[in-house]
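Written below as structure tokens is the structure these notes are about.
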Amino acid sequence: MDERLSLLRSPPPPSARHRAHPPQRPASSGGAHTLVNHGYAEPAAGRELPPDMTVVPGDHLLEPEVADGGGAPPQGGCGGGGCDRYEPLPPSLPAAGEQDCCGERVVINISGLRFETQLKTLCQFPETLLGDPKRRMRYFDPLRNEYFFDRNRPSFDAILYYYQSGGRIRRPVNVPIDIFSEEIRFYQLGEEAMEKFREDEGFLREEERPLPRRDFQRQVWLLFEYPESSGPARGIAIVSVLVILISIVIFCLETLPEFRDEKDYPASTSQDSFEAAGNSTSGSRAGASSFSDPFFVVETLCIIWFSFELLVRFFACPSKATFSRNIMNLIDIVAIIPYFITLGTELAERQGNGQQAMSLAILRVIRLVRVFRIFKLSRHSKGLQILGQTLKASMRELGLLIFFLFIGVILFSSAVYFAEADDPTSGFSSIPDAFWWAVVTMTTVGYGDMHPVTIGGKIVGSLCAIAGVLTIALPVPVIVSNFNYFYHRETEGEEQSQYMHVGSCQHLSSSAEELRKARSNSTLSKSEYMVIEEGGMNHSAFPQTPFKTGNSTATCTTNNNPNSCVNIKKIFTDV
């Protein structure tokens, strides 16, 4: 044993010391030692390296190392075969995160295809896999002195271009979108790069909806806002749909001659209608009290439900400002305003001894606003939501369509007016009068109420119809593509709703990957919800506390402290 110790402590031969060539030796900070591997051989079985040491391969085999700066020569020797010696570097060397990246080059092997770049290129993004020396060290191959990744080769051209261009991400045309998305996640380019990629590919950013902080408020919000959350929520949605349908039916039926209020439609009511209304059982509505009218009673009940639903949702919503800016909530407000205006007008007429309190035209416009209640059905209809999302995403194309139609209408209405100017039987008395004909012709409707009679006018009409077909056909494929995207996103089981509740903890970036895994591994049915609560807790432990929303159970990870449980919450549901 003493002989072996003396052999290990003996200095190496001078000839070997002169042949040594110092390799790159980045050292880790914090007082940790850096070990230099001088051979291809793996460490002996049972030998483990300390967790705070970084292994850096040397350039030469079976040769001792001479430290830069005149350090003492290493101690130890090599047996016959491969040598497996490690040596702590002097503490004066730079740390791993502070190494000089200017002139050094690195070789990256992607499934047999080698790429060579400079370390300073990778160091531009230290938060990524290739930019962080500690993260990429696990993929280092000491036999070939290169980094090896068994990944998609065509995708790495774009990944390396991301570093070379300073953050520009472009998908190769021969790489599918899903594969390139996985490569972005593997190389840990970050959420910003993923968002840029999705925007360039035409994906819309998924809307994140916050949940209320209080449990009772959250339960009420889910009950009235998300019908799939529980059985009672579906029941409330059914009641709301029935009330909307009843309100629309009443709005239509009260315009029939048998039920029409004569004082509201004096100009449009014929003598036959008066006679029919007089012979009907409800023909005396004009003389009867409006408060006892059956239509008014049913309308009042519908308005009571609409008002109750709107107030409950307003007080339970997580953000009053966001709630007030939502277009669907504005429609709810517009749907109930005409009732209160009509009620106030009726009361004013009673106090004024039957004198008309408001212009009849204004009153009709106010009552017409009631028809917007039909848009309340979109809250409970996926088809209407898809249509609304399609129109919203296609606003640019629709704007171009309207602009093209406007140019065509001006052009062809002017042309047909001058072409028909010499014919006294022509119906085109002016250019604005020809606007209607141009719109009807370009949209290929062709009512026939106005038509050219001269040869020149017919030629203009033919060109107008052809131009209309071409103009309308140009933006239609883009609109159809948007519709297909939203339709398949709804029907292929992708994420339907995403609600985020951000508490005091701000660890958003660390939790994004776990949320994506939970979304991809989700096996929930349409009526089930999974609540993932993350933050300053142990994610691997997952102690669960169920919270009920009707007939569905949501699991909440707690840390023996319910107040600190909710930091980031997302609810996922599959169709």
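Cβ from N, Cα, C; glycine included.
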Same side of the membrane, GLU258 and GLU349, by Swiss-Prot annotation: yes
From the candidates ASN109, ASN279, the one which Swiss-Prot records as N-linked glycosylation site: ASN279
CB within-chain contacts under 8 A for CYS317 (S-palmitoyl cysteine), separation at least 6: PRO212, TRP221, PHE323
CYS317 (S-palmitoyl cysteine) - helix vs strand vs coil (DSSP): coil
Proximity verdict for the transmembrane segment (235-253) and the transmembrane segment (363-381), three or more C-beta pairs under 8 Å: yes
Long-range environment of the transmembrane segment (459-481) - Cβ separation under 8 angstroms, sequence gap at least 6: 390, 394, 397-398, 400-401, 404-405, 408, 412, 415-416, 419, 438, 441-444, 451-452
Tertiary contacts of the transmembrane segment (328-348) (same chain, 6+ residues out, Cβ under 8 Å): 290-291, 299-300, 303, 306-307, 309-310, 313-314, 357-358, 363, 366-367, 369-370, 372-373, 375-376, 378-379
